[in-house]
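Peer 1: I'd like to ask some things about the structure below.
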Amino acid sequence: MAYRQNHDPYYGSQYNNHNGYPDYPQQAPAAVDYPPVQPAGGFAQPYHQDYEAQSTWDAKSTKSYETGYASSQAHLNPQYEMSQVSLANAPPLPTMPYAGGQGNYPPYQRPGMMRDQSSAGWSSARDKLMKRRSVRQVALQQGNLVLDVPVPSHIVPAGQDKVEEMSTMRYTAATCDPDEFMRSKYSLRPYLYGRKTELFIVMTMYNEDEVLFTKTMNAVIKNIAHLCSRNKSKTWGPDGWKKVVVCVVSDGRNKVNKRTLQVLTLMGCYQEGIAKDEVGGKDVTAHIFEYTSSVVVSETGEVSQGGCPVQIIFCLKEQNKKKLNSHRWFFNAFGPLIQPNVCVLLDVGTKPTGTSIYELWKCFDKHANVGGACGEICVDTGRGCSLILSSPLAASQNFEYKMSNILDKPLESVFGYISVLPGAFSAYRYKALQNGPDGKGPLASYFKGEAMHGGGADGAGLFERNMYLAEDRILCFEIVTKKREGWVLKYVKSAKAATDCPTTVAEFISQRRRWLNGSLFASIHATVFWFRIWTSGQNFFRKCWLQLEFIYNAVQLFFSWTSLANFYLAFFFLVSSATKSNSDAFNFLSKGAGADVFEVFLKLYIALIFVVLVCSLGNRPQGSKWTYSLCMVLFGICNCITLWCAGYTVYMAVPHTLSGWEHFGQLVENNKAFREIVISLAATYGLYFIASFMHFEPWHMFTSFIQYMFLLPSLMYAMCNLHDVTWGTKGDNGAAKDLGGAKKVKDDKGNDMMEVELPTAREDVDQLWSASRNALRHKPVEEKEHRDAATKQSDHDRNSRTNVVLAWVGTNMLMILVFTSEAFLNWVNEHVETTDDSSFNPYLTFLFFALAGLSAIRFFGSAMYLLLRLVGH
């Protein structure tokens, strides 16, 4: 391909103008009459000229006129108006020394500071820019529409006004599928500059607001500044930013948040009036904006100079085609051109700490066989843990995240196969993701789910579509089992990132529907195809080691499948055991009250299962949130009663005097109830405390443990909605034709040109930048979300859902009926020894020892992980 290869990004005193734009001199001609902009905070003098005044366009091929703009991008108009902006009053930009460790980060100001209520409105500034656009003829680049347009003068760094990537933004109108991007001869600036990219970071978003976007973007900028501050590193240093490319992919132009676009405008990565929805009769699939930004923008529009430049690619997809399609633009469209060493995946709203990205990269740098890694994702608990103290739902998720990071992830990391690297914050070696010569491999399997959920996969069953809801689990399995290659997956505890969690019951249940269904079927897939470990490129000892992990995962899968029955049976046997004798666990209410309590709550437990089952089959979580909330609370009360009865049984079984504890060994050996309950509780909740203290993170045990116990049994909705294989967002089937198109014409010499409508005055661009800054200072009016009605599923999907639910509920109910039947209880009374202090069921013996064994394995993995970290592996 005849791509332009310029390996010196700073060649020439003027950037190479190949879009028909003139080379602007530094001094403005006297003919231009609008107020100059004062230099701001270390930034360069802006250009003081009108495009038309200095245009070198051929008068015969240039036709200037004011457009009758009315509805172009109307969905971006704000709901409030302000008066005309004065550029002369634009405040200077303060510096933001990231690497020096000075100042606060991000650059927030007190509410109300510098708030000019008479500042201009974004809408009026945009209308002015759109009306003053003129038609230009632009030469094609490799047959594609590519424009290099000057950025607002406020953000051009001092002395960099002649440097292309610092002074101009590149716009590319892509009209192809992501897989055809390179073959269609599209290009990107890092490729044209011949730069070697070490880190390629993608931030995916849908309609996240400016608060979530700036939280993630500013954290990424801080991480890049940290890389640039590592002066003794062989890879990083002051020019380390040239080895990092940040790609922001927004899923749908009509879905993107307008205030997030205003933040990107302030950063120089987006401009109004440039994008086109049609090029030469072809529909545009993605609008790609490229700029090397040197500023940091806060959620309130405060703009500060950053510690280092950041190469940013903003890909605004024309249609909403979901997250997998966004990753396909990242991996299949941009990846082959960028050719990075490590790819980092981030969701907008996730905030990595200041060195987390470096810690992830260091894992790949130290271990050549690491194909993927993840850090510790924790719940954003708010200031002073206010969120987990005020929201039991957030607290329960905080406990779940913490214990997974303390027990599960370290165990899996020791084996070398982590079942899931969270898409919200993870990293992959680009080489490990590549498909084989036959077109099969990790990325092919990863993107297989996009066609399934888009209705383009003939013959794909419900099992497969649910499995590919957990596409990140499929990707992990494919990397480890890749033929002729031996990659492992690692957990990096020092790489931390905070994320928002659902705080309402409806959001929580909807999220778990995707997670649980996808993870269940992906786990079944990995268990069924365990033999692929032996066809991979792993060495023999690693294969044996991984085989042990797959056996452990199969046992975990069995207990996950029978969790409904196990919760009920534990409740039944423990409560019945503690309420049979005269001195039952509820004598403090009244003598013999235990039998009545047991009978009431036994029926309540069964009723709750039935209610949740019916609601899950016929109701959306948003429509039955109060029913779900009540059921969760009642399930929590049943769980508390179970724990109370377990504790009471132990209390009644142990000696109540000091002399009785002198022969502790005989007590454990002879007292069956004490032995089995204590071992089970110590192996689960006891190990929670021990492992948490081992990792020096015990606080969640005191702030979130009780809330977690309340919400533990409430997980039925997901299984009852197997037919719903969506991510919860609705895709667009069409594109809004409101941007205008680029028409192919011939110039005087017969060359193909594109006739496009572009902004004509630099003043308009600067005014819109200032208006965007002022607009962000005013909080918008909160709007209630209106969810679309759920689409009807096919009869086949409904039948499949019903069959699977019947099999799942039937398996668990069969266990309940067998182990609670009168025949089984009589057999127990005849063949199992009972004591005066307790009446115990043999099923609990199996259940407690099984749980103890699984917990011991997790504890062993966690200890091994810490040991390996101490010895430096």
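A Cβ is built for glycine as well, from the same backbone N, Cα and C atoms used for every other residue.
The feature domain 'Chitin synthase N-terminal' is assigned by TrEMBL to 134-198. Per TrEMBL, the feature region 'Disordered' maps to 1-45. Per TrEMBL, the feature transmembrane segment maps to 515-534, 555-577, 597-618, 630-653, 673-691, 804-825, 845-868.
Each of the listed features needs to be described in terms of its position in the shown structure.
Peer 2: For the domain 'Chitin synthase N-terminal' (134-198), the model's pLDDT averages out at 90.
Counting residues 6+ beyond its ends, the transmembrane segment (673-691) has Cβ neighbours under 8 Å at 403, 406-407, 577, 646, 649-650, 653-654, 667, 698, 701, 705, 835, 837-838, 840, 844-845, 847-849, 851-852, 855-856, 858-859, 862 in the same chain.
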Peer 1: Return the stretch with the most CB pairs under 8 A relative to the transmembrane segment (845-868), choosing among 515-534, 555-577, 630-653.
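Peer 2: Most Cβ pairs under 8 Å with the transmembrane segment (845-868) come from 555-577.
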Peer 1: Mind tallying the domain 'Chitin synthase N-terminal' (134-198) by DSSP state, helix then strand then coil?
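Peer 2: Summed by class, the stretch gives 14 helix, 21 strand, 30 coil.
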